[in-house]
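Trainee: Below: one structure in structure tokens.
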């Protein structure tokens, strides 16, 4: 090493100049809850259970999504459609209980691919933080799309 | 008359103590802000505007945390360690001249708690006592990792104190006094007799050695081996929690403030600022502006401490010892010799 390298001071000054310049550079911070970063088109977030064009739930509780799920995050209980419920469910069978454990889910999107009825899509926002494990099991109240406005 | 004197000193001590604590508390915020700025972030900004209440939140958190005293530790020493660290850090500011004398109603008020004629030695004594706080804390924890951390810290501080003391000797040869008030008064204004009055221009090498040693004494990066937050997991204060840990960390920031004040006073003219006598202002206004100038210098040095921290990586332990013993001490001795020769030659011409 040359003398100037051995006394370190020139390189320390150079380093100080670089860090000083960074003080005035643009901040990269995104103020998260108020401001969200843009996501790409194939972004996978919170699941939503879709309705068809008449506002009926598309899911028929076939269980293919639960079978496809590598994290075993999905559970469901099927039920038969009663008379008079034709406006609520599209097929004769529907999911009475449909739960996804968000702590198990890895957001791979395989449920979306497995679904023959185009009933589930991962098109929601980031799943929010919470305090208790039980609050991460999302039921139909959180997953099903809002009903159509008539 | 005597009561007025006591009252005057009491007010001065209280004000300086509060300022010291306030600056130390807000240094923690400044450190995080500057770290953020240098890394392209914004730093804390949720607690109040620009994170102004962050130090209060941090302090409150320290109070409410569980305090653990290890079962087999020495209880008295375990509490004495952080107390001593905080105490020795705070009393260093007693001899620093904060400004020129104020004259109010025919009464001269010195803006210095006490002007002892060995002020500089006093500071050195107090700073070296700071090692005891660390050493006692590490020993009392009854944990071999804490003890190892404390030994590392102690050997580092002792090594760099030697170089620091030697670098000061060259300065003393120029100033001829140990009184900090005298040293500050000698650096009057900015320019006199064809050369700068500030000691940094008379003793640049001494200043360089002093500032490097000050970094090592304050356990600041690149000499933060005693703590090494990321790999040692906090060295000597591994066993500490709650407010006793807070006292150790707080003492570091007070040390930083005091050593910034010492550096400003010794090398950067203290309360003196350029053209202080040419502005045609009254003595009291000049004195108050001088206090502001001193604090501006102190803030610059505190910023410099943080700036360095986010620029330079940590030394390895052998590099640290090599730098201290094989580079800084010989350099300081050479500086003494050169200063001596220069002074003799200057007298001869």
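Even glycines carry a Cβ here, placed using N, Cα and C.
Annotated transmembrane segment per TrEMBL: B:6-29, B:76-99, B:119-141, B:162-184, B:196-216, B:253-273, B:285-308, B:328-345, in sequence order.
Buried or exposed, and what's around them? Tell me for each listed feature.
Mentor: Sequence-distant neighbours of the transmembrane segment (B:119-141) (same chain, 6+ residues past either end, Cβ-Cβ under 8 Å): 70, 73-74, 76-78, 80-89, 91-92, 94-95, 147-151, 153-154, 157-158, 161, 164-165, 168, 172, 178-181, 183, 217, 226, 235-240, 248, 251, 255, 258-259, 262, 266.
Residues of the same chain lying 6 or more positions beyond the ends of the transmembrane segment (B:162-184) and with a Cβ under 8 Å from any Cβ of it are 95-97, 112, 115-121, 123-124, 199, 202-203, 205-207, 209-210, 212-214, 217, 262, 265-267, 269-272, 324, 328-329, 331-333, 335-336, 339-340, 343.
A Cβ distance under 8 Å defines the sequence-distant neighbours of the transmembrane segment (B:253-273), meaning residues of its chain 6+ beyond its ends; these are 20-21, 23-25, 27-28, 86, 89-90, 92-93, 96-100, 111, 120, 123, 127, 130, 168, 171, 180, 183-184, 187-190, 197-200, 203, 206-207, 210-211, 214, 217-218, 220, 287, 289-291, 293-294, 297-299, 301-302, 305.
Note on the transmembrane segment (B:285-308): residues 23, 27, 30-31, 34-35, 38, 98-102, 111, 215, 218, 220-222, 256-257, 259-261, 263-265, 268-273, 276-277, 279 of its chain, located 6 or more positions outside it, place their CB under 8 angstroms from a CB of the stretch.
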Trainee: Could you tell me what the rest of the chain brings near the transmembrane segment (B:76-99), counting residues at least six beyond its ends with Cβ under 8 Å?
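Mentor: Those are 13, 16-17, 20, 69-70, 110-116, 119, 122-123, 126-127, 129-130, 132-134, 136-141, 180-181, 184, 237, 239-240, 244-245, 247-248, 250-252, 254-255, 257-258, 261-262, 265, 270-271, 287-288, 290-291, 294, in sequence order.
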